[in-house]
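J.: My questions will all concern the structure given below.
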Amino acid sequence: MNNLIADIDIIPGEEAQACDFKTTVDEHTGKTRKLYIESYGCAMNFADSEVVAAIMKEGGFDTTSDFYQADVIFLNTCSIREKAEQTVRKRLTDFQRAKKSKPEMTIGVLGCMAERLKEKFLEEEKIVDIVVGPDAYRDLPNLLSIAEEGQKAVNTFLSREETYADISPVRLNSNGVTAFVSIMRGCDNMCSFCVVPFTRGRERSRDPYSIVEEAKDLFSKGYKEVTLLGQNVDSYKWSPEENNKARLNRKEEDVTTVVNFANLLEMVALVDPSLRVRFSTSHPKDITDDVLYTMKKYDNICKYIHLPAQSGNSRVLEMMNRTYDREWYLERVSKIREILGEECGISSDMITGFCSETEEEHQDTLSLMDIVKFDFSYMFFYSERPGTLAAKKYPDDISLEVKKRRLSEVIKKQSASSLERNKLDLGKEQIMLVEGPSKKSEDDFKGRNSANKVVIVPAGNYSKGDYLTVKIIDCTPATLFGEVLEINPKN
Ligand code: SAM
Ligand code: SF4
């Protein structure tokens, strides 16, 4: 297996992508200066870049897709695995030529890598002018003006309150149909392998009314699907005390109740029956039956749960500090099947070769995958991250060769399960939401069914944003192919 596999996310889509990133598009609203943002890593980071773009717009910037044209280049970075950080460093060398031809250009590093390395980043990468952590984006205009005066600037302050609730994100690279909505920030879980609690700070939930307003605004602009984002959405909990009410000027009666994730899901589902609602990520220790019943109650809440298992072995899960064991995980899956049925999509994240993992324990991961039959998984081999509990407590003692071999076995298992699960859809009628033309052929449209599976249909007299009733006629492990029966009356 080659090196590339280390960072291949098996995307629930038409293709697997290596270390994917998103850039800004050309925008011409008459602003005088140009901003180019490249975003790496998870959906939370992509959502954050949209907040950054909104702050920069206020500061007089339109976005550009060409970094040579930019006055400011931002790299919104990921630290989750070593490979992600290497990619960012390599990318910085590509910006050197642009900076040479335009020395007044400012280069900023944002996000998790900025938070992890702080001032050290400026020492290590001379091309970088500003370093900004995920909770300090409001300070960007100030940091930029410091950099424009020729000084380096850093703000990596982690907040206990910041949720950017009052900022209306500027949608970047949008298909105009689906959008991410951030509902919380940070994580309090301390999984031993994970750097996120250190780079994104303490968990805090965003004001639910601002979330509903954002969903309503998106719907009024033609969006048909929102994905509510958080590292652990099931621990969403908003209470008036936790929040900075003043900033949002809520009416007294709006801020008296505690809102949990099931309540929030319902509030967003009620925005409109033709606005689909998704969410990610669910934590096996926290997902409640209440959430499952709320999903069942509303047709427009998609029947799909991303429930990362990480491992199928209880000893390894304990060392990972996941706070559930194999039996607990399987019980949660049974509950999902009992309440939402076989058709509910379930996906996972898996890590192979975690510290001291034996061959038998690896087999437990494969057997868990056999029992659950995930629709798809994001699969990684363990990458030790400095400062994490695992890095402090456990030797990273599984060789790269073994980690990669186990990963290839996990990928093979997943591919077989994905195909098996997709075959169950053959001959069925399903509703898909059209997201736009397929990347592979102009003659086809691409969309997703409720279970988050990509469905490809021949192009026809319908357009993106339409709901279609389709019959599934063929499949691969990653894709369903359908024939269109009708434009769904839900439109
Ligand atoms: N909050 C989510 C959860 O609890 O499942 C996931 C967040 S993390 C950004 C995404 C995935 O990256 C994790 O689920 C895990 O599988 C993987 N990951 C995190 N740290 C890792 C590490 N040190 N090595 C390999 N994979 C890692
Ligand atoms: Fe990382 Fe665990 Fe938090 Fe997910 S729940 S972000 S894996 S610490």
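Glycine residues also receive a Cβ, built from the backbone N, Cα and C atoms like all the rest.
What TrEMBL shows for this protein is this:
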type	residues	note
DOMAIN	33-149	domain 'MTTase N-terminal'
BINDING	Cys42, Cys78, Cys112	[4Fe-4S] cluster 1 binding site
DOMAIN	173-420	domain 'Radical SAM core'
BINDING	Cys187, Cys191, Cys194	[4Fe-4S] cluster 2 binding site
DOMAIN	423-486	domain 'TRAM'
J.: Can you list which of the binding-site residues Cys42, Cys187, Cys194 have their Cβ under 6 Å from some atom of ligand 2?
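T.: Correct list: Cys187, Cys194.
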J.: Give the sequence-ordered set of same-chain residues, not counting Cys42, Cys78, Cys112, with Cβ within 8 Å of the centre of the Cβ atoms defining the [4Fe-4S] cluster 1 site.
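T.: Same chain, not in Cys42, Cys78, Cys112, Cβ within 8 Å: Tyr40, Gly41, Met44, Asn45, Thr77, Ser79, Ile80, Ala84, Gly111, Met113, Val196, Thr199.
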J.: Name them in sequence order: residues not among Cys187, Cys191, Cys194 whose Cβ is within 8 Å of the mean position of the Cβ atoms defining the [4Fe-4S] cluster 2 site.
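T.: Same chain, not in Cys187, Cys191, Cys194, Cβ within 8 Å: Asn189, Met190, Phe193, Val195, Val196, Pro197, Gln231.
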J.: I'd like to verify something. Among the binding-site residues Cys42, Cys78, Cys112, Cys194, which ones have a C-beta closer than 6 angstroms to some atom of ligand 1?
T.: Cys42, Cys194
J.: Could you give the Cα-Cα distance between Cys112 ([4Fe-4S] cluster 1 binding site) and Cys194 ([4Fe-4S] cluster 2 binding site), in whole Å?
T.: 12
J.: Inside 10 Å of the Cβ of Cys194 ([4Fe-4S] cluster 2 binding site), count up the other Cβ atoms and send me the figure.
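T.: So the number of other Cβ atoms within 10 Å of Cys194 ([4Fe-4S] cluster 2 binding site) is 23.
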J.: Between C-alpha atoms, which of these binding-site residues comes nearest to Cys78 ([4Fe-4S] cluster 1 binding site): Cys187, Cys191, Cys194?
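T.: Answer for the nearest of the binding-site residues: Cys194.
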J.: How does the model score the domain 'MTTase N-terminal' (33-149) in terms of mean pLDDT?
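T.: Here the predicted model's pLDDT, averaged over the domain 'MTTase N-terminal' (33-149), is 94.
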J.: Give me the CA-CA distance between Cys42 ([4Fe-4S] cluster 1 binding site) and Cys187 ([4Fe-4S] cluster 2 binding site), in Å, as a whole number.
T.: 14
J.: Please state whether DSSP places Cys78 ([4Fe-4S] cluster 1 binding site) in a helix, a strand or coil.
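T.: Looking at the DSSP assignment, Cys78 ([4Fe-4S] cluster 1 binding site) belongs to neither helix nor strand, so coil.
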J.: Could you tell me which three-state DSSP class Cys112 ([4Fe-4S] cluster 1 binding site) falls into?
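T.: Cys112 ([4Fe-4S] cluster 1 binding site) sits in a helix per DSSP.
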J.: Please name the residue among the binding-site residues Cys78, Cys112, Cys187, Cys191 whose C-beta has the most neighbouring C-beta atoms within 10 angstroms.
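T.: Most Cβ neighbours within 10 Å: Cys112.
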